[in-house]
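**Student:** Just passing along the structure, written as structure tokens.
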């Protein structure tokens with residue numbers, strides 16, 4: 001007890017230290033990351049704040065019709081059966097969706113089975129809405145996004161950097177009035193434009209032989225705007241019973257193409273095959289991610305795309321790419337087991353993603369859909385044949401379409417898994433969208449089908465796609481040989 005009292009007296013006698021007598025710790029030197037960060041701009045003046053407010057207010061008014069489309073419908077999906085015809089409301093819903101999407105009754109039912117009534121109508125509104133603004137992607141071979149953004153800030157160009165991407169830049173404005181500085185950057189090849197709601201279009205002849213057999217013949221290609229005037233007519237042919245033009249779609253040219261590069265994720269020094277290459281920015285993005293190392297083979301769907309794609313790659317500084325229009329069968333034979341990564345942006349019907357424009361003849365027949373799906377299955381089998389079997393590193397296959405139909409997405413992936421049991425579906429590494437269907441109207445798919453992603457336009461403010469990434473399973477004996 002005496003010891004504790006002494007300790008209290010001693011502690012009371014000791015004077016308290018003053019705060020001003022405490023030594024100040026010197027600040028630590030800045031790290032390399034802090035030095036490389038973009039310096040924060042000073043606070044804007046009141047006049048600048050008013051100007052920024054007016055700009056964003058104008059952008060907010062342009063986005064106002066789209067705000068209601070961000071939230072997906074939480075109602076249960078309405079499964080439709082046309083054969084019964086007992087529910088008058090169901091028939092009314094089918095008629096409404098059929099009119100909105102300018103499609104047949106059969107495809108209207110397919111859309112309702114995927115979305116439900118409310119989400120189908122929201123999807124129709126979303127795919128017809130073009131987001132305002134100017135969307136750019138940096139060419140990593142010639143410039144960095146930080147440098148371009150600092151130059152835009154110095155020139156008072158209102159731009160911001162989206163958090164989900166390291167190479168994209170968004171600018172307040174419209175495509176008809178691109179700032180002169182941005183035009184100069186595009187002409188120098190330091191960045192390039194992304195066109196929302198535009199796709200690469202393949203014009204196919206639908207031919208029916210008198211015996212009843214139907215086949216497609218490729219007759220041309222272009223963008224969705226070019227296809228409007230070239231697919232609205234029929235060309236008679238004496239050798240066939242019926243000839244009709246149908247448009248197939250691939251290679252979305254908007255912001256979603258950056259997501260495809262993230263899923264593919266090619267590394268420096270790897271060998272990459274793009275099976276359905278077009279004259280768009282996707283091939284350039286892959287070459288920039290590889291830093292002009294390794295080997296990039298771009299196989300086009302039309303011979304006219306070869307020279308055009310070569311000019312684009314030369315202008316943007318991609319030197320490790322070989323462009324070819326080789327057939328799928330020849331490609332699988334001559335380049336079997338030669339690539340570390342294969343990406344297939346398969347031509348598809350575009351149902352539920354591409355807006356139904358006047359003059360574009362889209363797929364409306366189940367027999368046409370069967371032919372399209374058969375070609376997609378041949379493409380993915382050929383892509384799997386081109387994958388390399390190596391014991392020291394894995395090889396990957398990425399399959400994507402711009403359609404919401406299960407027949408073009410989950411069915412094609414399941415066909416590959418049944419044909420190649422050594423392959424498996426793996427996570428894409430993208431959190432956008434919702435998982436793919438593990439079961440759909442009585443059909444059961446692989447349990448790993450939940451790793452696929454369905455990105456819908458009305459939920460993510462970008463073009464809709466289906467994404468799947470596959471690789472050889474760890475239990476495959478040939479993989480470890």
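Yeah, the Cβs are placed from backbone N, Cα and C, and that goes for glycine too.
Grabbed the feature section from TrEMBL, which reads as follows:
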type	residues	note
REGION	1-46	region 'Disordered'
COMPBIAS	1-16	compositional bias 'Basic residues'
DOMAIN	262-473	domain 'SAM-dependent MTase RsmB/NOP-type'
BINDING	345	S-adenosyl-L-methionine binding site
ACT_SITE	402	active site, nucleophile
**Student:** Whole-number Å distance between the CA of residue 402 (active site, nucleophile) and the CA of residue 345 (S-adenosyl-L-methionine binding site)?
**Tutor:** 9
**Student:** Under 8 Å Cβ to Cβ from the residue listed as 'S-adenosyl-L-methionine binding site', same chain, six or more residues apart: give me those in sequence order, or none if nothing qualifies.
**Tutor:** 250, 251, 260, 274, 275, 276, 278, 282, 400, 401
**Student:** Would you mind checking how many other C-beta atoms are within 10 angstroms of the C-beta on residue 402 (active site, nucleophile)?
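**Tutor:** So the Cβ neighbour count for residue 402 (active site, nucleophile) comes to 29.
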**Student:** Averaged over the whole of the domain 'SAM-dependent MTase RsmB/NOP-type' (262-473), what is the pLDDT?
**Tutor:** 90
